[in-house]
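Step one of this worksheet: look at the structure below.
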Amino acid sequence: MEFYASLKSIAMHVPSERVKNAEFQQFLDTSDEWIEKRTGIKERRFANDEEKSSDLGVIAAKQAIERAHLTPKDIDLVVVATLSPDFLAMPSTACVLSAKLGIENKPAFDISAACTGFIYLLSVAKAYVESGMCENVLIVGAEKTSSVLDFKDRGTCILFGDGAGACVIGRTKRLKESILDVQISANGNFSNYLYTPRTLKPTPFNAKEEALEPFLCMKGNEVFKLAVKTLLRDVEMILEKNALKPEDVRLFIPHQANFRIIQAVREHLDFKDEQVVLTVHKYGNTSAASIPMAMGEAYEEGRLKKGDLMLLDAFGGGLTWGSALVYFGG
């Protein structure tokens, strides 16, 4: 291989509106203590009515492109992961975001892998770069999850937040600046554990079908058990495959779904506190955006430096899951 795929830059963006746990007490039977005890979440950000996922994503994308010392014209491919797209079926959020960046006549498409979306993005970008098909790939996790939440459902609406993270994936000849490994998987037999019902209206030919509200639905207890079991196995597999141990990893950056899930994985693998990046307490679960947001925050705080090895892992609707070992190419 002449070159490897490399994570050249990272940036994140969140909306300005903070929503604290206590604010849910206005319309739900809940409390700040109840939410934080079960999830570790203290607050989250919600976009305003005019903002869409692409609006959040484009801010992070512009900064990521700038940090990579590139211009939008240098981008060969745009891929977006989201469960809250700007439009129901088309156009893709990637196409909308490309237009806002001024990128024309370049391929753009979305990935639907829910909270595992960013790991899937890394897999796609790595393949395109290392095959020689693209030199610079922009990947974006962008979510306005507040647009798909049922605010009468205490089991879901308290968990999620809005935000975006973006990366530029380019080339390097150095292994220790590369996306070392990515593994992704799915099992559709559990698709009813996490889903958003279809919103297409019945036609005169199938009037018996009922149009459902497009709200996120989740079997919380079942998802929790499967997530912990699956993530532990997946992380152990990728470390063993690459002859690495937890102490070889500079930062462990898991999907920020629930503090208890993160803690279970951290304790089992014996990661030290300084290795673990946590943002769930202030942003909640931002689905496909959570890992790049956490990476972006670690970078801005000076915790993530060039050459650092990151272990990423995620689990989401599909069910989907995946993990990655990534050196920060800087």
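Glycine residues also receive a Cβ, built from the backbone N, Cα and C atoms like all the rest.
For the ranges 46-50, 176-180, 256-260, the feature annotated in Swiss-Prot as region 'ACP-binding' maps to 256-260. There are 23 other CB atoms within 10 A of the CB of Asn285 (active site), with all protein chains counted. Rounded to a whole value, the Cα-Cα separation of Asn285 (active site) and His255 (active site) is 8 Å. With DSSP classes pooled into helix, strand and coil, the tally for the region 'ACP-binding' (256-260) is 2 helix, 0 strand, 3 coil. The Cβ of Cys115 (active site) lies under 8 Å from the Cβ of Leu83, His255, Ala257, Asn285, Ser287, Ala288, Ser290, Ala314, Phe315, Gly316, Gly317, Thr320, each on the same chain and at least six residues away in sequence.
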